[in-house]
Amino acid sequence: MIDILTTTFIATFIAGVIASAIPLVLGSLGETLGEQSGVLNLGIEGMMLFGAYFGFVTTLETNSYFLGLLAGIAAGFVMSILMVMLNIWLGLNQIVIGLALTMIGGGITSVLYFSTYGQTTPRLGQPDVFPIPVLSDLPVVGSSIFQQPLAFWIALVLAFVVSVVLRNTNFGLRVRAAGQNPNSLDAAGGNVVRTRTYVALLGGAFAGFGGAYLALMSAGTFTPFMTSGIGYIAIVVTMLSRGRILWVIASSFVYGISVSVGTVLQLTSFDLPTDVIKMLPFVAVMITLIVFARSSYVPPALGVPYTRGAR
Amino acid sequence: MNARSAAATHSNTPVVSMRHVGKVFPGVIANDDITLDIRPGRVHCLLGENGAGKSTLISILAGMQQPDTGWIEIDGQKVNISSPRSAMDYGIGVVYQHSTLISTMTVLENLMLGVTGGAFLNRESARSRLTEISAMLGVEIDPDAEAADLALGQQQQVEIAKAMWKGSRVLILDEPTSMLAPQAIADLDASVERLTKDGIAVIFITHKLREAYSMGDEVSVLRRGRLVASIDAETLEGLSEEKFTNAVLAAMFGDDISAIGDRNDVELLSGAKVATKVRTKSSRSDEKLVLHLEDVTTPSTPTEFGVSNVSLKLRAGEVVGVAGIDGHGQSALAEVVAGQVRATSGSVFLDGDDVTKLGVRARQELGLRYVTDDRLHEGIVADLSVALNLLLKQIGKLPYWKRGQISKPDVDAEATRLVEAFEIRTPSIHARAGALSGGNIQKLLLARELSHQPTVVVFNKPTYGLDLKTVNRVRKIVKDFAEQGGAVLLISTDLDELVELSDRVAIISRGRLVGEVENNSPDTARQVGEFMVGSAHSEGNHV
């Protein structure tokens, strides 16, 4: 039995929460952008896996975390181009395409991984931390919160940026209008297809970033299907948050906590099977949904392709 | 009331000209060789019944559709209006028949939607622009109100402000008065007059003759996609209202005029005359109470009101109208009566029995029917045959279903009878129901719901979007049903229709019944309008 009240332990716990929450924050930010404009991206799980795999390979080969993250972002972006063409330009069913992308993402990355690193199962080292002066010397929070890699701070800044874009820019207003009533946006001289295209591509980039963060920063390796449903949880987080970025962050951290609590339970002497412990985050999501689902509200035009003049 | 005197001060050169414009949709010629001139400082009325091609013409001007033939000139220059944006750039602003305001956003946000240039929202400059336009229209608009909280007339003022946002020279109003209270129509009239004084050309689309006469400087009439009559300013000035009505009716309907109904019907339907109800009995309080709602509440959604604490009594042989702005709980009211939505509190009584907990089918057995406003999706199963749609509610019952199997001869016989009785125009009873026209789908629904002994029928916008012949027919069916002792709950956004058919008109606002007017004087429409305007102003709370 370990002593759960030591400072080292608490610091590790907090770091664990952050490591699990940030990929979800990034994925949910991308999903939020898309859903606000009326694009339901069910392919986000596949995009995150793409980001994770290509980020991992790039960092492994170049030894650069920066290039790895960039590759992850690019991979998610490229996959979202496919989604944009099929869903937004051709107006195909967003659910079918989304599920297909998720399957493609999982399938391709697993096959590639097994055929290249399946035998060696390489691991990455620890990413460089970006200590915040003064604050990083604090006890407990210093080593857990203020000694994070730079990508962590970039993720937080991005969350702030997305929030400002949605609330205070002309572009953000058009995005929300596209999700609420695309006809209104069209009649007001906006371009529904272009608006949705931009946010869907951004969403793919965010998902790729989230996946790469998971592989490079949180796990330090790639394993097939390592996202284990984070993409779907991002969709849930997005629907509960209704475009409010603070809620996105808060609910992602609730998920992070439930993951970390699971880890703690594994380390303590409670005799719980690992399968039960791994269920915890999902149980947390289900409970949250049961409690809050009544207030979940999706934009009226979500998942509906837009064709001018169609009735 | 009109701007005819002002017209003289502006130049006579057309600002917009349509030349030989044609547009064909699969199976329909929507516009056929239409040539029109729109002059500054004048109100150009476009008349025609549903399906005459008015909306298509407007969507071409607005850049939503491209003409198949012909072209458009602005200031004498041939132009290509390729999108709503380019229409705006040419100075054409449109107020559509269906609100394009986003109900969850504030007035200011709605107005800023058309803003280009600059990354960040500039709320201050938008505010000052709104002040400018409000002064131009002579109205006051609260920039921070949520669009859903505005009364219909106010919403329309915001729509006009939106259309004028970039300094439009042509303002298109597509059936702006169809759901407005008389007071709001007067406000709109005043705003239009101010705009034409500033030299703005207004295209006013309507199917009501009296409005065309009182507001228009020039009138054009469309019929089946063709321009069948144009009355220029000088001629219009010389016409008495009666002569105008005669000329326009002849153009609008041609030889079909007798098919629609008698002269009186036609004048009522075309809005040449104001409807009044001829009451057969002075009071119906002695009749049997058939439907009784007691303090009924249903849940609201962010986009649509439920009903809250609604109490309503409906007696045999009575028509009770429900007036109100679209989306203010009308559907919830209809559905809670029909049993499609459960009341969260309160009770529904049918013939004195509590039916609150009964489902749709059980209530149908008791004689309650609902004619939905969503004809195509909720009303019929588009891919099934006309015959099956007609007997949709008899599935499993004798004699149409025997021992769990469909009895084709009985179904076909009954379907044929109904198709004939209700004059449903269909190639065959086995045709796909979804392929029928809107009017025939409505007749199919009426045939289904009014057969098998109904006692109470809820009609939700029964004539919305139909051609006048069918409108007349549907109204007759409603009247006849009430004459024969049926009870009718008539939900409509057409004030003329409510006044023509109802014994009483209740006004619904934000899911509450805020007033009731006995329909026993020519003043009904105005009284109803007062409730509609007043209630929207006084209650500020949101859903």
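Residue numbers in this text run from 1 along the chain shown.
Positions of Cβ are set from backbone N, Cα and C atoms, glycine also.
Per TrEMBL, transmembrane segment is recorded for A:6-26, A:38-59, A:65-88, A:95-114, A:145-166, A:198-216, A:222-240, A:245-267, A:279-298.
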Whether the transmembrane segment (A:222-240) meets the transmembrane segment (A:145-166): three or more C-beta pairs under 8 angstroms: no
Interface check, the transmembrane segment (A:65-88) with the transmembrane segment (A:279-298), three or more C-beta pairs under 8 A: no
Cβ contacts under 8 Å made by the transmembrane segment (A:95-114) with residues that lie 6+ beyond its boundaries: 40-50, 52-53, 79, 82-83, 86-87, 222-225, 231, 303
Positions whose Cβ lies under 8 angstroms from the transmembrane segment (A:38-59), at least six residues beyond its ends: 23, 27, 30-31, 65, 67-76, 78-80, 83, 87-88, 94-95, 97-106, 108-109, 112-113, 116, 124, 178-179, 182, 196, 199-200, 203-204, 207-212, 214-216, 221-222, 225-227, 229-232, 234-235, 299, 301-304, 306
Winner by Cβ pairs under 8 Å against the transmembrane segment (A:198-216), considering only A:145-166, A:245-267, A:279-298: A:145-166
